[in-house]
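Below: one structure, written as structure tokens.
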Amino acid sequence: MRFFALFIYRPVATILIAAAITLCGILGFRLLPVAPLPQVDFPVIMVSASLPGASPETMASSVATPLERSLGRIAGVNEMTSSSSLGSTRIILEFNFDRDINGAARDVQAAINAAQSLLPGGMPSRPTYRKANPSDAPIMILTLTSESWSQGKLYDFASTQLAQTIAQIDGVGDVDVGGSSLPAVRVGLNPQALFNQGVSLDEVREAIDSANVRRPQGAIEDSVHRWQIQTNDELKTAAEYQPLIIHYNNGAAVRLGDVASVTDSVQDVRNAGMTNAKPAILLMIRKLPEANIIQTVDGIRAKLPELRAMIPAAIDLQIAQDRSPTIRASLQEVEETLAISVALVILVVFLFLRSGRATLIPAVAVPVSLIGTFAAMYLCGFSLNNLSLMALTIATGFVVDDAIVVLENIARHLEAGMKPLQAALQGTREVGFTVISMSLSLVAVFLPLLLMGGLPGRLLREFAVTLSVAIGISLVVSLTLTPMMCGWMLKSSKPRTQPRKRGVGRLLVALQQGYGTSLKWVLNHTRLVGVVFLGTVALNIWLYIAIPKTFFPEQDTGVLMGGIQADQSISFQAMRGKLQDFMKIIRDDPAVNNVTGFTGGSRVNSGMMFITLKPRGERKETAQQIIDRLRVKLAKEPGARLFLMAVQDIRVGGRQANASYQYTLLSDSLAALREWEPKIRKALSALPQLADVNSDQQDNGAEMNLIYDRDTMSRLGIDVQAANSLLNNAFGQRQISTIYQPMNQYKVVMEVDPRYSQDISALEKMFVINRDGKAIPLSYFAQWRPANAPLSVNHQGLSAASTIAFNLPTGTSLSQATEAINRTMTQLGVPSTVRGSFSGTAQVFQQTMNSQLILIVAAIATVYIVLGILYESYVHPLTILSTLPSAGVGALLALELFNAPFSLIALIGIMLLIGIVKKNAIMMVDFALEAQRSGGLTPAQAIFQACLLRFRPIMMTTLAALFGALPLVLSGGDGSELRQPLGITIVGGLVMSQLLTLYTTPVVYLFFDRLRLRFSRKNSKPVVEI
């Protein structure tokens, strides 16, 4: 009593405390960062190594395996995958959440150093690492185009100056430059001219390497001067290399230009980048795992004027893709939804109370509670994101509940003629324990979420803490500010002998009278109500098993990403044509705003595309509907497939796959994996529950297999090393020398001129100089035949791996897809040597599925414990928790009605319902117990009176929560696919719960009261018919 009086009789102090809470919240709001979702990125580091010309199998065995053995010893590695292709290896290390990315990077560098001695010679550089996830979509893509600059020159400018500057911006993890390669001097050899002059390819290579050196020459000095020695030992341009003497034939000099075409070109001619049908250089910017995407993008945009100032006038720099506008639009939608929810909740209060002064009290309590939460969010290191703002939107219905319960009880005393301050004190004292019970039991629901581990735990923690803090502040406000305002703002009135006869009052009286009549009937037919209650429990179980499930709702971020997979024997020229064809099809779609793409590099038959859609308000279709429409058009392109997927704010794993979900096959036997992967992929492709099925195992690349006759080689004076060196020199784009420039280093690349290597007959023109100086044709000691070869070799851990990626057709849930895959694997009879498991998002989904029921049971158990402690009873908490089955049925039925799968967002809704619907029972049970203790009523009379007396606040709190959640259901625009499942779950659960628990709770109360008396061996009074 004294605690409540302290605030009621000291209004100035109470107002200033509320103002302080509000001011702290406003300050916290201004300091909070903005993000699409809570920070849930796994720390990921990518290690890259190259050996130009090496086959995928060579890269896997000689480069990937030594690095993997060394990197696998690092502590905290969650998953290690690698992919080796022509001339390159990439290893992805995914660490545990609690691993510091900088500490992990130091360990990675130490592991690379330890493996250095085991790596093959001839690598142009040491392996490097980057602190970024290559499977993440770029947060921003910049394009460089020019009418006068070559692609190589543009690439050089982009990588040397722009990428270096952008990489220094806070939050940037990686700037990947694509579309071409660095400038280089290319030496295109003429095999016939070399044969005529008797010059070997090794001789050419050694002559070039010896002619271009960079060594210190020292200095000369006397007593007065010092002269630095400088020579023309470096060759920098093609024109300087052409007259280079590489051989003497009968005393005549043979110059490089006599046997080769020497041009200023690029290191790798098999690269192409485009933006909207124009050749372009792409700068694909990815953030650090722990970085905030909005702050990083803002930092890049702030740097753009400086970047444009340093760019020559001939270059056009444009933003081709930016993830931030849709994120900002989504958050703006949530903020508008929050404002609408607050307005609707206050409207509900006004309709019930029909008093401007009375409505002003919760109208003040709600913003104080919500705004004050921002201060706690800032102190906890949270951000303004979709989930935290949705928590505040839902909190509007919660925080007003406490104020409504206190306000309604005080108003009841005022209507009975009590003085305002006395009514405030008496009313608050009566419901103080009820309000505390409701709030603490609601917060208890979220305790299991706070203890939940893994990605789901990280994702839900911010939501749970934000909502819990809002409820806590609301509890304080409702027991301090609300009674004070009631005592000083509301006026007492004479007791009314007749109920109100106008508007909502008349409707409420009619509802209350109807409820009283129906409740009498129910209390006289308890067995029927018991059957209904047991039926809702059984229906819950059936609906939960039957409802389709997924991990996270598919988002429409306005950005699509696509992977091109062409015939494995396709040439680069043909692949570039496929890229152009696909880009034209997509660019012609009316919903597409911009499209960029690139192909080439180590995987000639693949490419990537990034599509920016028009803003949500300018298109009618969702991202998935656009993908479905484009899939039909893209399927008509022969010889290649483009797999599109909508970019998501959550992407798990480091695999770069051509679809949203992955199923990985592992085996210690590469032969077994290559045998079974095509069978499994074919079977999965036939499943209607899957779409866009594809695999990263590509074993049908065209290969020319050379078989050496070692006896003949020995007789001719040729060794295998010389033969292999010939092939590398001729066809491996071999980097044979380095050109040093002030801003960068460039390579001299040697190969047979493409004009002389158009087909397999080029091998017949190759020759080796033997130990006697004679030119021996390759055909003298080698035979060749066509064969199939892998275009890539993949590992997970130290096992051979193949990942089958898939998307979901419209209307199919992830649970249906995973069940179909597991069923197919069983039917195929896959041997134990080949192991299959879901990876990435699908793996997290399965882990979440296994813990969902445990989480729900843990929440119910926690609430039971808290209520048991508060009521000092084993029985009354069960009565209160009996409200849950009807809410579960309503939520699951609503999801089915709206064709929405049960996702992590829907799980949040179920957890919230556990906290919401029990409030009705708490208000009933509290007043029934008080009536039994102080009024001497029987249990039946007490619960009947409690139900009628608390009917108005129950209706108010339920409608407030319902109208607070309703904007989530009705919201459209950006991010609505995240908000709607939460709103559907809560609204469905509240409607069903309100219809049933008003009747089932009294029946359960009486049942447990009889049970309690029976176990205590006391004679219970007979149930009095009402």
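Note that the numbers count up from 1, one per residue, in the order the chain is shown.
Note: Cβ is positioned from N, Cα and C throughout, glycine not excepted.
Not measured: the values here are computed from a predicted model.
Features of the protein shown, as given by Swiss-Prot:
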type	residues	note
TRANSMEM	15-35	transmembrane segment
TRANSMEM	333-353	transmembrane segment
TRANSMEM	360-380	transmembrane segment
TRANSMEM	387-407	transmembrane segment
TRANSMEM	431-451	transmembrane segment
TRANSMEM	463-483	transmembrane segment
TRANSMEM	528-548	transmembrane segment
TRANSMEM	853-873	transmembrane segment
TRANSMEM	897-917	transmembrane segment
TRANSMEM	953-973	transmembrane segment
TRANSMEM	984-1004	transmembrane segment
Which residues, given as numbers and ranges, are at least 6 beyond the ends of the transmembrane segment (953-973) yet have a Cβ under 8 Å from it?
329-330, 333, 337, 340-341, 344-345, 347-349, 352, 390, 393-394, 396-398, 400-401, 404-405, 408-409, 508, 511, 616-617, 916, 919-920, 923-924, 979-980, 982-984, 986-987, 990-991, 993-994, 998
Which stretch from 333-353, 387-407, 431-451, 897-917, 984-1004 shares the most C-beta pairs under 8 Å with the transmembrane segment (528-548)?
984-1004
Between the transmembrane segment (387-407) and the transmembrane segment (853-873), are there three or more C-beta pairs closer than 8 Å, counting only pairs 6 or more apart along the chain?
no
When you look at the transmembrane segment (333-353) alongside the transmembrane segment (360-380), do they share 3+ Cβ pairs under 8 Å, ignoring any pair fewer than 6 residues apart in sequence?
yes
At least three Cβ pairs under 8 Å linking the transmembrane segment (463-483) and the transmembrane segment (333-353), pairs spaced 6 or more in sequence?
no
Cβ under 8 Å, sequence separation of at least 6 from the ends of the transmembrane segment (15-35): give me the contacting residues as numbers and ranges.
292-295, 327-328, 331, 364, 367-368, 370-379, 382-385, 473, 477, 480-481, 484
Should anything in the same chain at least six residues away from the transmembrane segment (984-1004) have a Cβ under 8 Å from its Cβ atoms, list it; otherwise answer none.
394, 515, 518-519, 522-523, 526, 529-530, 532-533, 536, 878-879, 882-883, 886-895, 897-898, 900, 905-906, 908-910, 912-913, 916-917, 920-921, 924-925, 943-944, 947, 951, 954, 958, 961-962, 965-966, 968-969
